[in-house]
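Remarks on the structure that follows.
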Amino acid sequence: MKKKIGLLVMAYGTPYKEEDIERYYTHIRRGRKPSPEMLEDLTGRYRAIGGISPLATITLEQAKKLETRLNEMQDEVEYHMYLGLKHIEPFIEDAVQAMHKDGIEDAIALVLAPHYSTFSVKSYVGRAQEEAGKLGNLTIHGIDSWYKEPKFIQYWVDAVKGIYNGMSEAEREKAVLIVSAHSLPEKIIALGDPYPDQLNETADYIARGAEVANYAVGWQSAGNTPDPWIGPDVQDLTRELNEKYGYNSFVYAPVGFVAEHLEVLYDNDFECKVVTDEIGAKYYRPEMPNASDAFIDCLADVVLKKKESVM
């Protein structure tokens, strides 16, 4: 009988319906309810992208397809997928409890975020390992980052190339690629967090692979807190690149995310497009990885490499 390995797929989570927004936001705010104005602002953003984010559906599809792919690629062990979310059910702890109940003794934990940071990956894996420690007889093997995975870089190289190939030579000369990820509080830099460096590396790999000479790194979706967040913000960067260098075609690659969701559909497709419209420039944004076969193959490689290194 094949050994069963847990596949713990972790992600941020998103409201399933409009009624979930308040409790979801309250969880993000560590139990503090948002003000009516804050709640109205967030609800308005969801309504602007069609009422609710497609993220919940995409995340589940990614996780299910990954489980299937891993069991197709090898016959040595049987992977059982468990989905654990940071801010809405099924919570990370729920997933770990389900694994324990099913008699899983070893699990590979994959966060659907390519870059490592203490705020994201470390906190997800930490929560999973803490719960496993309480239950006993369950070891969680966490994957720190996978932004260097060849198939991940290749996905974005192909996506960016696809857009540039549709441009005339004259347009290409005045086009710029903005590679971005979710901003985090600036204090992580002083603590030696590798997150900003990893995004810079990712941008270099993609620009080189796609043969794009003009590119810049930006940050997006910063939180509304008194602390400073990492910049430049993608909207400010867009204006600056237009004013300084006269770029009038902007290609946004939000590589810190793996699916179409609020931060991409609103912060990029709405807010950044408002800026490009304002300055009379063209807006482009490649399709996100979502549950594409190429991306699922990338994640499967990541999991199999981790399994080889720890078991």
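Placed from the backbone N, Cα and C atoms, the Cβ positions cover glycine too.
If you draw a 10 Å sphere around the CB of Tyr12 (Fe-coproporphyrin III binding site), it holds 20 other CB atoms from the protein chains shown. Under the heading Fe-coproporphyrin III binding site, Swiss-Prot lists Tyr12, Arg29, Arg45, Tyr46, Ser53, Tyr124, citing sequence analysis as support.
Taking the Cβ of Glu263 (Fe(2+) binding site) as centre and 10 Å as the limit, one finds 21 other Cβ atoms among all the protein chains shown. In the three-state DSSP scheme, Glu263 (Fe(2+) binding site) falls into the helix class. What Swiss-Prot lists as Fe(2+) binding site is His182, Glu263.
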Just the number: how many Å between the Cα atoms of Tyr46 (Fe-coproporphyrin III binding site) and His182 (Fe(2+) binding site)? 18
Could you work out which of the binding-site residues (Tyr46, Tyr124) has its C-beta surrounded by the smallest number of other C-beta atoms within 10 A? Tyr46
Can you tell me how many other Cβ atoms are located within 10 Å of the Cβ belonging to His182 (Fe(2+) binding site)? 24
Since the record lists Arg29, Arg45 as binding-site residues, which of them has the fewest other Cβ atoms within 10 Å of its Cβ? Arg29
Which residues in the same chain, at least 6 apart in sequence, have a Cβ under 8 Å from the Cβ of Ser53 (Fe-coproporphyrin III binding site)? Thr14, Pro15, Tyr46, His261, Leu262, Leu265
Cα-Cα separation of Arg29 (Fe-coproporphyrin III binding site) and His182 (Fe(2+) binding site), in Å? 17
If you measure Tyr124 (Fe-coproporphyrin III binding site) to His182 (Fe(2+) binding site) at Cα, how many Å is it? 16
